[in-house]
Amino acid sequence: MKAGIHPEFKKATVKCACGNEFETGSVKEEVRVEICSECHPFYTGRQKFASADGRVDRFNKKYGLK
């Protein structure tokens, strides 16, 4: 590897939308995320249902199909 061409790797604070914060390594000092291991349904065991329907579901609702 060439010297002097790689970005500086430092401690970074990761901030989640749920309020959870933890430290990791990154080239940025602060990283913001929408979902972390504290609020993701896979890790919490709680299922969140998305309110946004897909295009097919909207079509079926609009025209009264299944």
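Any Cβ shown, glycine's included, is placed from N, Cα and C.
Note that the structure is predicted; figures quoted are calculated from it, not measured.
Listed features, source Swiss-Prot:
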type	residues	note
BINDING	C16, C18, C36, C39	Zn(2+) binding site
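According to DSSP, C18 (Zn(2+) binding site) is assigned to coil rather than to any helix or strand. Annotated Zn(2+) site C16, C18, C36, C39; additional same-chain residues within 8 Å of its Cβ mean position, judged by their own Cβ, are A17, G19, N20, V33, E34, I35, S37, E38, H40.
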